[in-house]
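Asker: Pasting the relevant annotations from Swiss-Prot:
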SIGNAL    1-19  signal peptide
DISULFID  C37-C72  disulfide bond
DISULFID  C39-C65  disulfide bond
DISULFID  C55-C73  disulfide bond
Amino acid sequence: MNKALFLCLVVLCAAVVFAAEDLQKAKHAPFKRAARCFCPGKPDRGDLWILRGTCPGGYGYTSNCYKWPNICCYPH
């Protein structure tokens with residue numbers, strides 16, 4: 001019984017390590033996970049972030065408009 005419990009613990013720890021490593025790679029992904037959107041009065045297209053209250057940092061967004069419950073963020 002102890003060997004089976006130890007084996008389950010080892011498998012669980014390995015799964016946590018691999019999941020954490022995968023999340024580190026996802027943080028530095030080269031693409032945005034946003035859809036296209038258009039706001040009234042803006043000539044360009046923006047990035048629609050679904051179920052967010054604010055625009056995420058690090059993408060250079062300077063303006064936005066709300067399309068409840070989503071937000072459309074503009075980089076210009």
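Using N, Cα and C of the backbone, Cβ positions are placed for all residues, glycine too.
Burial and contacts for the listed features, if you can.
Answerer: In this structure, C72 (disulfide bond) is part of a beta strand by DSSP. Just so you know, the Cβ of C72 (disulfide bond) picks up 23 other Cβ atoms within 10 Å once every protein chain is counted.
Reduced to three states, the DSSP call for C39 (disulfide bond) is coil.
Using a 10 Å radius centred on the Cβ of C55 (disulfide bond) and all shown protein chains, the other Cβ atoms total 21.
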Asker: Under 8 Å Cβ-Cβ from C37 (disulfide bond), six or more apart in the same chain: what's there?
Answerer: R45, G46, D47, L48, K67, N70, C72
Asker: Given C65 (disulfide bond) and C73 (disulfide bond), what distance in Å do their CA atoms have, once rounded to a whole number?
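Answerer: On Cα coordinates alone, these residues lie 7 Å apart.
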Asker: Which whole-number value in Å describes the distance between the Cα atoms of C73 (disulfide bond) and C39 (disulfide bond)?
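Answerer: One finds 9 Å between the Cα atoms of these residues.
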Asker: Which one of these disulfide-bonded residues has the most other Cβ atoms within 10 Å of its own Cβ: C39, C65, C73?
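Answerer: The most densely surrounded of these disulfide-bonded residues is C73.
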